[in-house]
Amino acid sequence: MTAPVLCIMGPTAVGKSELALSLAERLGGEIVSVDSAQIYRGLDIGTAKPSPAVRARCPHHLIDIRDPAERYSAAEFARDAQAAIAAIRSRGRLPVLVGGTGLYFQALQHGLSPMPAADAQVRAELEAEEAAYGVQALHRRLQAVDPESAARLHPNDSQRIQRALEVHRLTGRPLSQVQREPGQPGLTEMPLKIILEPPERAWLHRRIEARFRAMLAAGLVGEVVALHRRGDLSEELPAVRAVGYRQIWHYLEGACDYRTMIRRGLRATRQYAKRQITWLRGQTDGVRFTADDRLEAQVHSYVTGALGGV
């Protein structure tokens with residue numbers, strides 16, 4: 001019998017990674033990271049990346065697979081995750097997927113049409129950039145990443161310019177190329193989806209603050225300093241735009257003081273968690289558990305039963 005795909009889903013700081021590790025160790029599994037920031041080498045503290053000791057206890061996949069100067073699309077993730085799942089199954093082990101990047105889960109389960117759906121977060125970022133720098137600045141940026149589309153669009157065609165840039169950010173490829181590509185299939189079977197929910201919003205906010213302050217104490221600013229000093233990175237890149245990293249990047253460039261950076265970092269993380277929770281509400285094929293003291297025992301019991309008493 002082919003091992004199913006077990007997915008551990010939930011907002012940031014809810015306790016997904018700890019649960020996934022426990023399940024993988026108890027059920028003979030290997031972990032596949034579903035995190036758009038953990039793919040980057042050098043982004044360790046701020047992404048809560050599993051330590052070398054944890055990775056020695058249980059194999060982890062799709063971590064440290066890209067340089068921060070590179071982009072990585074949902075389509076690439078779906079391809080790489082399917083390869084990792086096949087390899088894990090070939091060893092007779094259980095694929096355990098864990099993370100909070102909804103677009104990655106969506107791409108893996110349902111596949112991708114050549115044209116990605118609109119993304120509210122990316123669109124909001126582009127609208128803010130247009131408000132700050134003007135539509136012609138966005139058109140110049142489009143010329144750099146997709147000259148074919150830029151030549152076709154009027155420099156004042158805000159809506160279509162934003163869409164072309166949005167497609168590039170979501171896929172890592174020019175709109176003109178995506179329009180010529182076939183779609184990508186998803187999983188052929190239904191994954192077993194476990195969705196973790198915080199007991200209350202205040203509980204999650206306390207955990208977010210405690211974790212962010214612990215990351216700062218562990219050297220997160222120094223980690224971003226090392227990235228900043230490379231000289232080949234900018235806010236155009238997804239690695240630098242990751243929650244926490246972006247706010248510290250602004251602090252290093254003198255845009256705010258240390259206390260303001262902390263406040264903005266916490267706010268950005270809370271907003272990210274809110275978006276994740278909103279997306280997870282639409283995952284009607286998942287089984288929901290409250291992240292309390294009984295979580296591990298309850299999920300283990302449920303998963304063991306669902307897998308036929310493993």
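Cβ atoms are placed via backbone N, Cα and C, with glycine included.
What you are looking at is a predicted structure, and each value in this text was computed from that prediction instead of being measured.
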Write down the single range among 159-163, 229-233, 284-288 that appears in Swiss-Prot as region 'Interaction with substrate tRNA'.
159-163
Look up region 'Interaction with substrate tRNA' in Swiss-Prot and report which of 26-33, 106-113, 258-265, 274-281 it refers to.
274-281
Suppose we draw a 10 Å sphere around the Cβ of PRO11 (ATP binding site). How many other Cβ atoms does it contain, all chains included?
26
Apart from its near flanks, which chain residues at least 6 from the ends of the region 'Interaction with substrate tRNA' (35-38) lie with a Cβ under 8 angstroms of it?
46-47, 49, 62-64, 72, 77, 99-101, 103-104, 238-239, 242-243, 245
Composition by DSSP (helix, strand, coil) of residues within the region 'Interaction with substrate tRNA' (159-163):
5 helix, 0 strand, 0 coil
At the level of the C-alpha atoms, what whole-angstrom distance separates VAL14 (ATP binding site) and THR101 (site 'Interaction with substrate tRNA')?
14
Tally of DSSP helical, extended and coil residues in the region 'Interaction with substrate tRNA' (274-281):
8 helix, 0 strand, 0 coil
Taking the center of the Cβ atoms of GLY10, PRO11, THR12, ALA13, VAL14, GLY15, LYS16, SER17 at the recorded ATP site, which other residues in this chain have a Cβ no more than 8 Å from that point?
GLY100, LEU196, ALA291
Recorded positions PRO11, ALA13, GLY15, LYS16, SER17, ARG123: which have a Cα within 10 Å of THR101 (site 'Interaction with substrate tRNA')?
PRO11
